[in-house]
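Summarising the annotation, TrEMBL assigns transmembrane segment to 53-73, 85-107, 128-153, 159-178, 185-207, 239-258, 279-302, 339-362, 382-401, 413-433, 440-462, 504-525 (among others).
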Amino acid sequence: MDPSDQKFFTVIDYVIFAVLLAASMGIGLYYALSGGRQRTTQEFLMADRSMGCLPVSLSLIASFQSAVAIIGVPAEIYTHGTQYWFIGCAYILGLFIPAHIFIPVFYRLRVSSAYQYLELRFSKAVRICGTFTFIFQMVIYMGVCVYTPAFALNAVTGFELWGTVLATGLVCTLYTTLGGLKAVIWTDVFQTVVMFAGQLAVIVVGVQKTGGVADVWRKVWEGNRISGLDLNPDPTERHTFWTLGVGGVFLMLSLYGVNQAQVQRYLSSRTEKEAVRSCYMVFPSLQLALALSCVMGLVMFARYCGEDHSDKLASSSRDAMVIYFVMDMLHGLPGLPGLFIACLFSAALSTISSAFNSLATVTMEDLIKPQYPAMTEARATLLSKVLAMSYGLLCLAMAYLTHLMGDSVLQVALKIFGMVGGPILGLFCLGMFFPWANSIGALVGLCAGLVVAFWLGIGSILTRSTRPLPLECGANATIAIQTAFNNTTLSQPSGLKRFYSLSYMWYSGFNCTTVVLIGLIVSFLTGPTKEEDVKPGTLYPLLGKLFCFLPEHLKKKLCCVTPLGQTVSERIDLIAKNLATFIYDVFAVE
């Protein structure tokens, strides 16, 4: 591609891109004018709990397989090698645990917002704090999601950057506001197909233009981009098997276990079994999405081994290299540049629409309805739509902050989820798994978790030092890597700087653990909650299952053994049966 010729969208490219936006708007209009016409909050926010497992599973993928991943993961592989691919190992437990612990608890309680659980388990104050934390997390993340595809479109078409940001946000806001959760889920299905098609097109053309599969493999092998299993236990190492395979589990749990955008999809399923099945169906699709992004990064390295063309797109960011690579590969193939930009926007729109709808839900269910219980259904639905639109406009403002950040978009996004999603995960784990935790412990634990999270996050930004692999091929790469390794060994950080050097993949696990430990300590100091005082259905007997080898009387003292979802009447029946058995045994002995 001629460096001076960056803007080469043809008429066909514009048509493909326009069709994507028109189709998304069309789905929103269809659900606005069909069925119940989004006249109730149940239909607008929960899709009438009528969705099948296939659309829900594809929507679960699209919700967080954003443009951030499509741009960020290839840039990560190009710069640091394939070590990041091991995060796929975390997908196993990261989806198995939500399917068998979080989904059953939420579904059987019949909540609309995940944060309703916090009031049932703790108190209204904990629910409100959890809600505000989630809103803060999602509004910031949406800024990253809106900015990423807008930057790409600006780079290849010359569209005004902030005009593109505005267009992205407005289209998404309109179809989310018009069609509710049903429109969001079905546009996610359509956009997921476009995402995979766009990535596949780039890979196929890229491999062909680079000389074939054998040449690609030879170049990435000589360039030391194929990473082995790194079992280094050092938590300050950016990516190892442990940071990705274990730390990544906590990240996945914060996304697929307790994040409202995902929980809302589980709850929109027709039955609990379909909700669990949709969670399992996400696994192969997530692995496919990860594989496509990683292979794209390898093909990119094979094409530009030792070169950096990101400055030709007026940016020094590695993320810009992905855009340059795509346009270089697809240049002269009418329609394919438009398909890839449509792929990026599909990923962005699906994520943003999910966020708008979930933000409207938690604001309505957790902050407004409890204060105005007598509000009519028509007014509540109208207010929900206004909220979705308002959050859309707010997220546009947050896109400007992304523009000012120095990290790659992938690292920024995962840091946000680790810093804010980790404490939220800790709050839910504290409530579900530890019957002694009380509301004071939950509040103090959440506050402590957030303080530590931002202390660590801000400290890491101020003392940031990322060590990419040298962009060279052959013997030169091996020598350069050995030199870089020796320099790194001699300059290991110490003291507080070492704490700030903690891998961002551990943020979720570290902050989650902080909330649980502080929450339990404060709960015991202020008077632990008795198991019989906990609302039935809000506990999962995790400790009872882990300590199944203990005698029954010790299990009852040490941990909760209450069956999941047991109602008050069931508990009374159980007590009555035990009492009857006791009386019978006494009289039988006599």
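Just so you know, glycine gets a Cβ as well, placed from its N, Cα and C.
Curation does not apply to TrEMBL; its annotations are automatic.
Within the chain carrying the transmembrane segment (85-107), a Cβ under 8 angstroms from the stretch's Cβ atoms is held by residues 77, 114, 117, 227, 229, 239, 241, 244-249, 251-253, 255-258, 262-263, 266-267, 269, 272, 275-276, 279-280, 282-283, 286-287, 290-291, 294, 428, 432, 505, 537-538, 540, 542, 564-565, all 6 or more beyond its ends. Counting same-chain residues at least six beyond the ends of the transmembrane segment (279-302), those with a Cβ under 8 angstroms from any Cβ of the stretch are 53-54, 57-58, 60-61, 65, 69-70, 73-78, 82, 84-85, 87-88, 91-92, 95, 98-99, 103, 192, 195-196, 199-200, 202-203, 206-207, 210, 215-216, 219-220, 223, 225, 256, 266, 321-322, 325, 471.
When Cβ-Cβ distances below 8 Å are used as the criterion, the transmembrane segment (239-258) is approached by residues 60, 64, 80, 83-84, 86-87, 89-91, 93-95, 97-98, 101-102, 114, 229-233, 279, 282, 414, 417-418, 421-422, 424-425, 428, 503, 505-509, 512 of the same chain, each at least six residues removed from its ends.
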